[in-house]
Amino acid sequence: MAAMAAKLHISTKSDQSNVRLPRLINLSRDPTARVLFPRNGSVSSLHTNFSSPNIMVPCAGGGGGGSIGNHGGGSGSGGGGGGYGGSEEEESSPWGPLGLFIQGWRSRVAADSQFPFKVLMEMLVGVSANVLGDMASRPNFGLNELDFVFSTLVVGSILNFTLMYLLAPSAISHGSSNLLPGIFRSCPSSHMFEQGNFTLMNRFGTLVYKGMVFATVGLAAGLVGTAISNGLIMLRKKIDPSFETPNKPPPTLLNSLTWATHMGVSANVRYQTLNGAEFLLEKSLPPLVFKTSVIALRVVNNVLGGMSFVTLARMTGSQSVEEEKKIEMSEISEKEKED
């Protein structure tokens with residue numbers, strides 16, 4: 001009996017020596033750790049979301065150990081099917097709106113290396129051409145309406161940069177069609193000529209959606225820009241009481257609604273077409289010729305934009321000229337005298 005007991009004791013020790021004991025995991029060190037169990041009923045491996053991606057956790061219950069992190073099997077991350085870690089969620093920037101803007105800028109530069117050059121040309125050449133087009137559409141080249149021209153300069157500078165930023169493709173939105181809300185989810189997220197497998201209705205949906213966005217931005221920028229320009233004119237009057245503007249200051253709300261209409265219709269169509277043209281030219285032209293074409297296209301685009309805004313402002317009455325009214329009244333009085 002003693003010999004049999006000794007033999008049994010030795011056999012149990014040899015069996016235990018071949019069993020790999022499970023390692024203990026201290027989950028208190030990482031309170032954000034997630035443990036995932038397979039749905040097939042066998043606990044063969046644990047997939048967690050630790051910072052170390054290659055820790056092996058063998059578990060009792062059969063099967064080999066799976067790896068923790070982005071390379072696990074089953075329902076782990078990387079293979080889909082309910083796992084974690086397939087795509088990292090974007091964290092809010094500690095710098096607030098400025099940090100979000102910097103992240104958005106980097107994302108746009110990553111998607112289009114020519115984006116900084118386009119913005120520079122838009123702000124230098126484009127805004128200047130916009131002001132020239134605005135002045136060319138006014139009597140006496142706008143010299144009698146410099147207050148209106150200044151208002152256009154302030155609002156146009158804000159809007160031109162905003163248009164460039166909103167229409168530029170980003171590294172996140174490049175090739176994506178699910179970034180827009182509601183019924184526009186299947187539409188291109190940047191502009192209607194964005195590369196991708198989109199239908200004609202999808203691209204038209206982007207035109208409509210961006211038009212609503214630009215109209216909203218135009219309304220906000222019109223309110224801010226008109227208030228700034230009118231405030232500066234009032235400040236000038238306080239400093240120099242003899243200063244008189246040749247025209248009445250533009251009504252803030254009416255001028256803002258005019259800008260909203262201009263942005264949602266004219267600017268929306270022009271800038272989306274411009275983005276599509278630049279996309280095609282970048283693929284077919286040498287870099288130097290392409291940059292030259294960018295400058296030329298933006299000059300033409302902004303001259304047309306300035307002229308179209310003056311026409312719309314005249315139609316809505318947001319920028320009425322006092323001298324024109326005086327001339328009309330004098331002509332009427334002269335006709336009455338002749339009669």
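A Cβ is built for glycine as well, from the same backbone N, Cα and C atoms used for every other residue.
Sequence annotations record features per position, and here Swiss-Prot assigns transit peptide to 1-58 based on sequence analysis.
Residues or ranges marked as compositional bias 'Gly residues' in Swiss-Prot: 68-86.
Sequence annotations record features per position, and here Swiss-Prot assigns region 'Disordered' to 68-92.
Same-chain neighbours of the transmembrane segment (148-168): 104, 108, 111-112, 115, 118-119, 122-123, 126-127, 130-131, 134-135, 138, 142, 190-191, 210, 213-214, 217-218, 221-222, 224-226, 228-230, 232, 247, 250, 255, 259, 263, 267, 271-272, 275, 302, 305-306, 309, 313, 319, counting only residues six or more beyond its ends whose CB sits under 8 Å from a CB of the stretch. The transmembrane segment feature in Swiss-Prot is assigned to 148-168 (among others); the stated evidence is sequence analysis.
Sequence-remote contacts of a segment are chain residues at least 6 beyond its ends whose Cβ falls under 8 Å from one of its Cβ atoms, and for the transmembrane segment (213-233) they are 147, 150-151, 154-155, 158-159, 162-163, 166, 245, 249-250, 252-253, 255-264, 267-268. Taken from Swiss-Prot, the feature transmembrane segment applies to 213-233 (among others), supported by sequence analysis.
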